[in-house]
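Annotated features, as they stand in TrEMBL:
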- 113-247: domain 'Fatty acid hydroxylase' (DOMAIN)
- 19-44: transmembrane segment (TRANSMEM)
- 68-88: transmembrane segment (TRANSMEM)
- 108-126: transmembrane segment (TRANSMEM)
- 162-187: transmembrane segment (TRANSMEM)
Amino acid sequence: MASLLESGWQYLITHFSDFQLACLGSFFLHESVFFLSGLPFIWLERAGWMSNYKIQAKNNSPAAQEKCIVRLLLYHFGVNLPVMIFSYPVFSYMGMRSSLPLPSWKTVLTQIIFYFILEDFIFYWGHRILHTKWLYKHVHSVHHEYATPFGLTSEYAHPAEILFLGFATIFGPAITGPHLITLWLWMVLRVLETVEAHCGYHFPWSLSNFLPLYGGADFHDYHHRLLYTKSGNYSSTFTYMDWIFGTDVGYRKLKALKSTQIEDGSELKNN
């Protein structure tokens, strides 16, 4: 497996420059993973399949979904791609490389865990700032146009917010100068995480059912369906920042209430 991966990587670095791989390759990978993981949730919503796992009963109109896709393509080509191109010198200066040998799995795992923790911390505070009155009205309200989120709305945001919160995602790799394959893996995992958090469905196999500190769709969906001053749940991936600073109180109360109602319902059936 390792030799096969190295052979494939050898092909890439032989046929493409570092710049092409880090910028254009990263952009192509991002677009592929993002749309391939996000589009199925539009189909699920339109078809009405697995509706018993849908968190909110309300559906988005086809026009609203199509508007999201068009805006995303505009933002991705107009904001994301230029950022990847102009940040390349920074990553190169900090030591990012694409050459062989590939990093060990221990190095990759350590860096990925570090990126998740650091990103979540920065994102939490940046997100809270965006929920102040002026910034919410002029910037963050764009993201909240969709009170019933679906996978692709995860990156639907004002260009200023894309730059502001995007900093949380790239800061870890920027200061550590990882191997490009580590950067790609981090990007893939981060995209899959944010798409899942906005998917609008809570499945039996959702990670939040198995990882106690993982937020997931149910945690973030609560954030979208409340007024900006009362929403809470500001973290991107985990739940401990909201728990520490008390910004998940409303969510925890709602969960406790639902749990009580389920228990009461079970008792009535048994009687």
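Glycine is treated like the rest: Cβ placed from N, Cα and C.
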Residues sitting near the transmembrane segment (68-88): Cβ under 8 Å, six or more positions beyond its termini, same chain? 19, 22-23, 26-27, 30-31, 146, 150, 152-153, 155-157, 159, 162-163, 166, 170, 174
Within the domain 'Fatty acid hydroxylase' (113-247), how many residues are helix, strand or coil going by DSSP? 88 helix, 4 strand, 43 coil
Where does the mean pLDDT land for the domain 'Fatty acid hydroxylase' (113-247)? 96
